[in-house]
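Pulled from TrEMBL:
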type	residues	note
BINDING	Gly108, Ala109, Phe141, Asp226, Glu227, Ile228, Gln229, Thr284	pyridoxal 5'-phosphate binding site
BINDING	Arg144, Thr283	N(2)-acetyl-L-ornithine binding site
MOD_RES	Lys255	N6-(pyridoxal phosphate)lysine
Amino acid sequence: MISKKISITRDTFDQLILPVYNPVSFIPVKGKGSRIWDQEGKEYIDFSGGIAVTSLGHCHPVLNKILKNQSKILWHVSNVFTNEPALRLAKKLVSFSFASRVFFANSGAEANEAAFKLARYYSCKTYNTKKNIIISFYNSFHGRTFFTVSVGGQSKYSDNFGPKPKGIIHASFNNINTVKNLINNNTCAVVVEPIQGEGGVIPASISFLKELRTLCDKYNALLIFDEIQTGIGRTGKLFSYQNYDVIPDILTLAKSLGGGFPISAMLTTKKVASIISPGVHGTTYGGNPLACAVAESVIDIINTKKFLSGVEKKSKRIIRELNIINKRFKLFTEIRGQGLLIGAVLKSNISCKINEILNFSFLEGVIFLTAGNNVIRLAPSLNIRERDIIEGMKRFSNALEKCLL
Ligand SMILES: Cc1ncc(COP(=O)(O)O)c(C=O)c1O
């Protein structure tokens, strides 16, 4: 059989892929560290990190080696068996956190789905079936399964899919009085992102998180931290809750955990986990040896004092560069976030739309994300090099010159 040479372009996406995305016009074909290259060989500096995922950059040599080695040993066994990489990874997650039990899944939404089901199950079994209300926050994002998207606080993502799951209510982020008005003995859980990522890189205040903890204790509700975007070094600590001295009952991780290999985890205490028995929840791929071997290595590399303080230094450097850019172009009202999850909030009266700024940036060879309506989001690799930061910001400046002046 003669194989036809297939030409792959951005148009191929429109012809073949369900249009739930609108990818940019170029197709990345290669990545190394914080740089990627498209089909034409054009090079870009990547401040998107695959939406806060490629925590160690593209094709990190240690992760490459681990993945290659594991691929020769064992790929998949299912949860009929356990496996060594999953147990090693669980050991590390438990020893570095408040948690005693781990559930592995494949995506952020699945980790949150497990967290919300666990909170409901725990409360129904421990207290009564009426104790099933989940309080979440407007503007939050917890994934795209129907349960997680309904818990999320942006109805644009959950409308028009038919009847939504009941027992979910929303309070205002960083406004404890709205939680006080809603919480009662029927509340089973409060779920919060320590920094609302997708919603606009909005950090929770320490006092807000502390008061949530107090309210949850008062009403025997579980406090769930969605650290899918903030976890595994992104904020300068291995887990973002360690910045606040507030310990959740359940914590979810994904994104940076696998450095690009799909894996997620839900962590909880022995007490909460004690209600679970075989068959209550599950997934075929969760705890896959390939994913767990990579994630173990990601944690080994990130969880050192030197690496985590490097995140802080890189964060300061990027913010310094953004402030210099802002002095010249006067386009941000605020630069916020923590560690390497940074949001630059655009003024409402600038002459360019946010997507135009991103497109001009692509043309100059630098990649950013958006968040909320008007925030340029940066979630680069945690090991991005200083020279990539400087060069990337130079390219951003060039893009703004073309876009705004
Ligand atoms: C805070 C948060 N939770 C959950 C999710 C969903 O993760 P996934 O897309 O892997 O399902 C995301 C993804 O952006 C997220 O930022």
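Each residue's number is its place along the chain shown, starting with 1.
Including glycine, each Cβ sits where the backbone N, Cα and C put it.
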Site extent for pyridoxal 5'-phosphate, whole Å (max Cα pair distance, Gly108, Ala109, Phe141, Asp226, Glu227, Ile228, Gln229, Thr284): 25
DSSP three-state assignment (helix, strand or coil) for Ile228 (pyridoxal 5'-phosphate binding site): coil
Binding-site residues near ligand 1 among Gly108, Phe141, Thr284 (Cβ under 6 Å): Gly108, Phe141
Candidate binding-site residues Ala109, Asp226, Ile228, pick with smallest Cα gap to Arg144 (N(2)-acetyl-L-ornithine binding site): Ala109
Per-residue Cβ crowding (10 Å cut-off), top of binding-site residues Ala109, Ile228: Ile228
Rounded Cα-Cα span from Thr283 (N(2)-acetyl-L-ornithine binding site) to Glu227 (pyridoxal 5'-phosphate binding site), Å: 21
Least surrounded among the binding-site residues, given as Gln229, Thr283, Thr284, when other CB atoms within 10 Å are counted: Thr284
Other C-beta atoms that fall within 10 angstroms of the C-beta of Asp226 (pyridoxal 5'-phosphate binding site): 31
Under 8 Å by Cβ from Lys255 (N6-(pyridoxal phosphate)lysine), same chain, sequence gap 6 or more: Ile51, Ala52, Val53, Ser55, Gly108, Ile228, Gln229, Gly231, Ile232
Cβ neighbours of Gly108 (pyridoxal 5'-phosphate binding site) where a neighbour is any other Cβ within 10 Å: 27
Asp226 (pyridoxal 5'-phosphate binding site) to Thr283 (N(2)-acetyl-L-ornithine binding site) - Cα separation in whole Å: 20
Long-range Cβ environment of Phe141 (pyridoxal 5'-phosphate binding site), under 8 Å and at least 6 residues apart: Gly152, Gly153, Gln154, Tyr157, Glu193, Gln196, Gly197, Glu198, Gly199
Arg144 (N(2)-acetyl-L-ornithine binding site): tally of other CB atoms within 10 A of its CB: 14
